[in-house]
Amino acid sequence: MLKVAVRTDASSTIGAGHFMRCLALVEELSLQLSEQNIKLTATFISAQTTPFCESELLRNEFNLVRMPSSSISTLEQDATSTQKVIAQLGQQHLLIVDSYAIQTPWYHEEIKAYCERILVIDDLANRTHRCDFLLDQTLDTDGERYTGLVPEDCRLLTGKSYMLLRHDFVKWREKAMLRRKSMTTVKEILINMGGSDAVEINKLVVEAVRQVNLFLESSLKVTLVISSKSKSLSYFQSISTNCPWLKVLTDVNNMNELMYQADIAIGASGSSAWERCCLGLPTLAVELADNQALVLDKLSSKGAIINLGKSSQLTVNKVKDAISNLIDSQTLYHSMVQKAAACCDGRGVKRALKALNLSNVYLRAATEQDKQTLFHWQSQKIVRKYSRTNHEIRYEEHCQWYEQILKDPSRHLFIITERWADQSEVAVGMLRLDQHDKSYEVSILIDPKQHGRGLAELALYAIPDKFKSLTITATVHPDNLPSQALFSKAGFQRVADDLFILNQVN
């Protein structure tokens, strides 16, 4: 069983961005472990949460420990209270910290003693941390801004490659891009200011859309997403009865679908900015908090959003004009789709988990007991598609092939094995080395359930040194782009459309 603790907060004042990016990371870890029948115990330690955040924890069967606000009035109190909770939970394989209030004095030795790894998520680079990993998903940032703020041996995970989005958004990305490619008329607008209760801003934006519909004779439909605890809920529910174009939703858990269905979004520039980018959704973005200014500037400079500026300076006319301009220009619209999508591919959580070294990959010799597992993998359609012999394999045929390989001294069959921090071990794929004179030909297969995690690359690096004295070749189907990228990344040279070579020996 793997154990993870998270120290973060959420509220209508600070929003839910900190909480949600932690949740995205823990959800993905839970998903990966569940595919291997390994249990995850995740505990969120918070002084403030929102009903939506709590419902998401409940849905995922993650634990929540509430700390009284009085127990975190100083860093010293926060650290002591957190340490007591973790001591009760027992040794943790990972502690995730995401809070602007926390800095070096918080990191007591007592906390470190209970946590094998500490990951800090930050984007301000204005205070010191004692951690093993620091993740800053700010667009175009690098590790230099943290010089002197983290230990020398701290691993920095920075930039758009590590943007933490929930896996639901990656699943909808391709579908969303196809929809927007064929879009000719803006019909649907999504308004969502994140976890903040931006009452006046929401009123202003809804009024702007009303005027666009009235004066430009448009028929725009609006979906407004707010909290069930919002002070303005009754107001918007009331006016929606007389405005058939306005739909009010609360505490949604299908934001990916709502973003897919929308043609334009109007919203804040917290974590939801990256969700919209992942789905290529053109956005009119508002700065609701000072820490959103950098995100706005970066995305605006790349043409991924239209920057409406600070919320305090927003006017109905400014929003109305921005909507009208985007409606009138298909060129601008489709340019924003492509530029937004280029800012975030949605795979940051997978990259982050790989970097955290919660597991390692090694090769063990295959045995008779692995025969059934390998047959199951090789029978999958996605595996057969790029195999040399792509016909459906009969089990009897597989057994004959398998037994011959185990007996043949020139063929070396390995099971790719993943060992987690709790010492759980799971077979995740196969690697085979067949000797031909002065070379070995490598074949690799990963359990389709484990695709996208970088396990094949780690398996190639794990090939025993004794095999690397000879040339290693790989034959790759010309249409198998992921495998081509894999071997190139692992140091192989492409010498033909279907042939890659490592360590060429004459």
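Note that Cβ sites are derived from N, Cα and C of the backbone, with glycine treated the same way.
For reference, TrEMBL has these:
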type     : residues       : note
ACT_SITE : HIS18          : active site, proton acceptor
BINDING  : ARG166, GLU275 : substrate binding site
DOMAIN   : 381-506        : domain 'N-acetyltransferase'
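What TrEMBL annotates, mapped onto the structure for a quick look.
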residue	record	Cβ within 10 Å
HIS18	active site, proton acceptor	24
ARG166	substrate binding site	22
GLU275	substrate binding site	26
Express the distance between the Cα positions of HIS18 (active site, proton acceptor) and ARG166 (substrate binding site) as a whole number of Å. 13
Please count the residues of the domain 'N-acetyltransferase' (381-506) that DSSP assigns to helix (H, G, I), strand (E, B) and coil. 40 helix, 43 strand, 43 coil
